[in-house]
Structures are given as C-alpha cells and as structure tokens.
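**Q** Once you've had a glance at the structure underneath, I'll fire off some questions.
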Amino acid sequence: MPTHEIRHPLVRHKIGLMRRAEISTKSFRELAQEVGALLTYEASKDFNLGTEVVQGWAGPVEVEKLKGKKVTVVPILRAGLGMLDGVLSLIPAAKVSVVGQVRNEETLEAKTYLEKLVGELDQRLALIIDPMLATGGSMISTIDLLKKAGCSEIRALVLVAAPEGIAAVEKAHPDVHIYTAAIDERLNEKGYILPGLGDAGDRIFGTKQKS
C-alpha cells in the first residue's frame, strides 16, 4: 500500500499537541518542523547505502554513506515551508524546489502560480512536503509538474491526510508513496479536514484564520 500512517509514539504525541486550539504560533511551527523530521526519517528508511574507507582516529576504517539519487525537497507554498527546516535537518545537502499552489474556495480545484524547480530532476528523488492532504488537488498538480520535468521517484510527506485526498492521489499517481502522521475522518463541505489542524498555513505563520 503506497500510504503509510506513522504510528510512532512521538509522532502521535506531537500531532496531538498540534490539534489544540490554544497552541501558540511558535509551538505549532516548532512541532511542524519536528514532525516533518520524523516523517523524513520514515520516508528515507530504504535509501541506498554504499561503503568507503576513510581515515579514522585509529587508522583506516570502512564506513557507510548514502548512495543513489540526490534529493530535492519540494514545499508546496506557503504551508509547506513550515516543514522545510525539519526535513533539511536530516538531509541538509538536499536542494529545494518550490511550487506555489492556490485552491479555488468554490470549486476546490488547485491552480499553480509559482514553479521553481532544480535541475536534473530525472536524477533526483523528490520529497513533496505539505502539512495537509485534503482534496489532493495541490498534491496531484505538484506531482504532475515534477513528472513532466523528468522526476520519476516521488514521495509525499504530510502531517494530516483525509481519506478523500489519499484516494485521489493514489488514483492519479499510484506509484507515489504518501507518509502521513495521521489519517483523519473526512472533509467538510468547504474541503477542510476534520478534525484536522485548522488552516496550517495560518497557524504556522500567525496570520488570521478564516472562519
């Protein structure tokens, strides 16, 4: 199954803290980074390793090192930026591609307004990051862009996912694995996840949430 709900106790605890209405912007932002790092740990478990001999303190020693495709992290603006530092804390050499998506609040369809992708995507593994996987429109559109640019290995990291969004992404891109900290109940009539986290972008950046 291409969707992985991470049940680690630390992940469950931190997502529980993020659900609280009274949590501060500072704490929400820090937790988004921390859960982003934990999701990265899970999503990278099958990365290839090679060996090399280095000079250690007591002489030559064989060590392991990452081997294979380089990584590009792809935050979906703006909320995806809230997870970026957490991902880069584990993969600091990764290059960052940026995709801006805006959702039509009436049709719930996603529209791309910004696309800044790194080069040689055919030789890179892409980690798309976005706190919320709701309808799946923004995620599908971003995956479409990456595949069109030549990227063939793509993984999605989200804090909370709705069943509707998971189904949409799996139908459109069955080869893309989704790593999520929680699978929630459903979407409401406005396309927001219930119980969800609220508007993740507003909660990360401290801007006013829509009623």
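Glycine is no exception: its Cβ is also placed from the backbone N, Cα and C atoms.
Here the structure is a predicted model, which means the values were calculated and not measured.
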**Q** Per Swiss-Prot, which of Arg103, Arg155, Arg186 sits in the 5-phospho-alpha-D-ribose 1-diphosphate site along with Arg78, Asp130, Pro131, Met132, Leu133, Ala134, Thr135, Gly136, Gly137, Ser138, Asp199?
**A** Arg103
**Q** Per the record, 5-phospho-alpha-D-ribose 1-diphosphate is bound by Arg78, Arg103, Asp130, Pro131, Met132, Leu133, Ala134, Thr135, Gly136, Gly137, Ser138, Asp199: how many Å separate the farthest pair of Cα atoms?
**A** 17
**Q** In terms of Cα spacing, which of the binding-site residues Asp130, Met132, Ala134, Gly136, Ser138 are within 10 angstroms of Ala200 (uracil binding site)?
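**A** If one measures from the Cα of Ala200 (uracil binding site), the binding-site residues that come within 10 Å are Asp130, Met132.
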**Q** Could you round the CA separation between Ser138 (5-phospho-alpha-D-ribose 1-diphosphate binding site) and Gly198 (uracil binding site) to a whole angstrom and send it over?
**A** 17
